[in-house]
């Protein structure tokens, strides 16, 4: 057929212009071509030239700067224009088919219009980003021309009576409208930017965010297309392959998304609700949230509605395509209908186009693309809003924490746990609620629409299906609440299990020495059992609510009912449209219960937040303005109430005072040198009893004031009262105006930041090297710093290295000294220090460093020997001041008090002597620190090498780059995980999954054949017969008897299989979790003690907490989801390929695209998830840190700095989270578009094949329905893969611990060969013994030979690190004895089973360990002894009376770590524990280190009497305690140098023993 523009029909005069030029339709169409051609001619050269010169721009995110107004509107109009052009083109093609010859003018202008519109938008984008507004003139001219030519066409149509019932008229009208609007947009740009027709064009500045190159999150700034497809993320996601994404790479947040911006928005909305009439009414948080963040939520909901409505296009198009394909045969005979011909061409009616299968296929594709774009846009907007809300809430909570009244914290009204929950849980609940929020109102609409459409397709039987769905909803909700309860139980059990595990790990040394590991292990296993039971219940409920279960049930009911009502089943077009609709409906139904559950949780969270925001605040900090003697009288009316100055009172009048500090009235001259003065002060901690009463004191400027008194008499409270932390009942606190704005304050309970040592000391002040050195020296911190792996750059604090009490306290004092403040408050800084350090600190730090600076020092202390240094003394008793004055004053006026002090001082001097003999406490602390780092670095190095080696092995080919490694899926680890679940379970899971999906496909396939068989029979008869169902031939009934029962059976099988498969996955996960945890626990508990020295406790605990939690609760659902979505996609693609093999051609490029998308996404997603996790921890820690150190932060006046830090941390975490969710959107948009292409290919393939008579109509429907499901599941395949990859890291970490060597518990002798009462004498022979901790390390004992008689009392001594403790461990075979042996009562201990050896000896360790439980459990966990024996042991240890006094006696509670007993009492319990086990050998390892004089004497006596007939080996750091031992072994660097009785060694002047005794005295 020849091509010609106006067609060459012989009858028509196509080219005649007799009736006027414009009355020739072909000429008008040609006229319409002109603007398009004009635009293409002008823009192409500019585009090519323009693109070349892009590099010469300002340094800015240039390609994202949108210069022109009306930007988004222009994009939307252009997209609409493109869509209308597509319709015009389709209409032209279809009309052309009716004509005898080809009329190019019917579709050519449309095609050119499409190209021109595309060019216009590309051109516009380039001009906009390069900011050449003058070039926009070309576009303006184009819009004007196009508008004119289209208007002419429309005018002619109207003249020829072509009206809205014709499609071409509607399309032309739309085009006129769109061109008009675009013209208006262009005029607006001229009006605003004045680039033409105006004398002075307007200059523009880029937005602030874009000027800052640190901002990398460009979503708000890019053009509409890039916004919708996340195109700007490409460089980041693809770049992740080459090098990991770091925090630097994701940069800062745009200003509008920063926590501060959003906090101000929320706070304004919150504060605006306060009304003057009713100041007590709390503002509503819901309303503030709506006012601050309501608009984006409305926008998101609009997107959501649009997406949902477009979603229904799928089923309708499928129905249309199948119907059309079934009807093609009928339609061919139907050519006789009246054709509308005007201008000599055919005009089709508006509905006719929609009856063309190819057109429907294209429409289906476009609808899918649009629907998915809107859906992702809706998700993105809610997520961004949710993140903004979270940032605002965190800032709000933080500001409140900084103003919380101290009494709230100390009286336990507001615990740290509650605050942490608010931060970690409640804010996230609200954020998640916001994510799901649009669903609340979108879902009901979706369900109603769906049911209406079903009714339209299937009549009344649809209502039955719908009612089943509705009935399932409450069941779903019930299951959802059950799930929440079960989850809570699981959480309780796992917390319990963690607590037990932590105790075991902290006391592991003791457990091993007493051979109790199995008892404690069993108790953990028992709790774990409970946890697993509730996990099983959880799995059961999950599988019950699993998504697909109700689907086929409903289908079966509907189709069977339809069959019985209509007697003929549904037609294929109806059946598959219905099937697709059910697919759409299942999602909202499944999600509804989840959304409702989140809504309930959100209500609870808001309530908690509201209570917190209304809690009491600290009073007015008037003192910070120099001398503001504004009294806190306002509190008088609150006398007895527990309110602080509550912010519910309007604080206006206080604020005025606050802003204009009053000039102080001049006091008499003597008060000039008073730094702080309290007059008639009554202060309380919030109960109506005043804690401090009648306080009248003054703190002289520039002098050292000491506050002394008994424990609990209110010394610390006095400091806090002066700092304004207590509630003032009456009285005033004056501060002199010399006070430099803040107070350096060291609390009694040391508080450290999670930061380096240096940062903890400088605490935000500028760093001065000289001053820093002096402070370190004064606090004698240098030796401790030298021990740390990175010196003073080592992280300490919660997440850092655990320092001992004394070290922490010295750092806190150093912080107070370093600050450049006039006033320093030190609250009992000596409490955790030994005598040498205290003296040094007093002399160097306080007397020298602070006094030289003429700083005012207030020191609370118990060490009365320092009173001689005090310039001013305040003695307190029971909450009031007993005396005030200099030491001389007190000596003359209160002799009694002075004498009392003198006796106390003498006692303290005694202690001083005792202390000097000790290997002082500090040395001990340093020793522990050294042990902690002893070769930890070496261990880390080895670890790193191991990991690298492992990775190398995994990769085999060494030249493979990092890229390859990072995109590989960790198959090895997955296999380990599955195999630990048991092979039977794996087999069961795989087979049931495959079976289930086969049955699912079978059901749909059966439906297709059944409906197709009908269509074939009825093809001859009229179409309407299906819907009315009157024509029911006998053969039809026969067929139904054959089809119906099979259908019902298949559906039944499908439902049962659904239940079974989701259970098999959950149970596979559980059995894997069970075996992994069991192996981990056993491996770690039986690991050699060396393992615990070199592995940080936190790391081991992480395996039991975070990693176990992932293995228990996250991997199974991810695995379930992954297998389900993968199999669904595969079965769908399989079905389509079977029906229309030609589809496979399209599949190849699609598969390639999919492969690359998932490959890039998985790597980037993993990095971003790591960033999100790693930035969350510091944020949570910062909150708990602040809550703990409130008094310090407020005293130092560092609130602003801490707020700033919190905002930075929040923003960093939010940036990571935003990028992570943007990456998810990036993936989903791409997989959704791929899905849409799959649907298009499937439809096109079916239509092509159908013309060759291949598939039946029903099968086409089946193929398309399946293609539609692919779009839903493709992105889940990738996301689950990425999640699984991240979660498998937990399995990998657990596995790395499973390879630790266990101790050899067996021994070469059998336990039965060891005599029952061994060792009965307690004779010990040590022969040529060499000991080391690890084959990699040097020996710690070298060739030791010794003999200990039965019942002998032996002392072992030597300098620190000489190997004393190593010998004690060697008795228990805890270290590697690689040469020589120890023989006890004739048996070589290396041959004994460890359990036997360790259960027959006793030891008392230097640090006392108690476990939570009862006293009885702590003395005898094996439950083998009688009560009398336990009481006897307690009596010997001098504890009987104390335990008797406790509620419950032997069953009295011991809290975690024995915190409810003093250290001395704990040590005595350990002694009693050793006595309960009546062993003939007792080893005491520096057991008296933490006990006072009196108790130690008791201990010595007890050992001499109760253990008179047993062998006692004492390892002493206190040489005086072994002076009269029968045998003393003196060690020096691992070698036994002296061995004789104590007196003999002392007699030798030059013996090492006498040197040790002399130096320690």
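Here the Cβ of each residue, glycine as well, is placed from N, Cα and C on the backbone.
The structure displayed is predicted, hence computed values, not measured ones.
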TrEMBL annotation (transmembrane segment) - matching range among 136-154, 193-211: 136-154
Which of 306-545, 676-903, 1324-1558 has the most Cβ pairs closer than 8 Å to the domain 'ABC transmembrane type-1' (999-1285)? 306-545
Leading stretch by Cβ pairs under 8 Å, where the reference is the transmembrane segment (166-185) and the options are 73-94, 353-371, 575-600, 975-995: 73-94
Using Cβ atoms and a strict cutoff of less than 8 Å, what residues sit near the transmembrane segment (33-52) while being 6 or more residues removed from its termini? 108-109, 112-113, 115-116, 119-120, 122-123, 126-127, 130, 132, 135, 138-139, 141-142, 145-146, 149
Would you mind listing the long-range same-chain contacts of the transmembrane segment (136-154), meaning Cβ under 8 Å and 6+ residues beyond its ends? 22, 28-29, 31-32, 34-36, 38-39, 42-43, 46, 68, 113, 116, 120, 123-124, 127, 169, 172-173, 175-176, 179-180, 182-183, 186-187, 189-190, 195-196
Beyond the flanks of the transmembrane segment (73-94) by at least 6 residues, Cβ under 8 Å: 106-111, 113-114, 117-118, 120-121, 124, 167-168, 171, 174-175, 178-179, 181-182, 185, 223-225, 348, 352-353, 356, 359, 362, 366
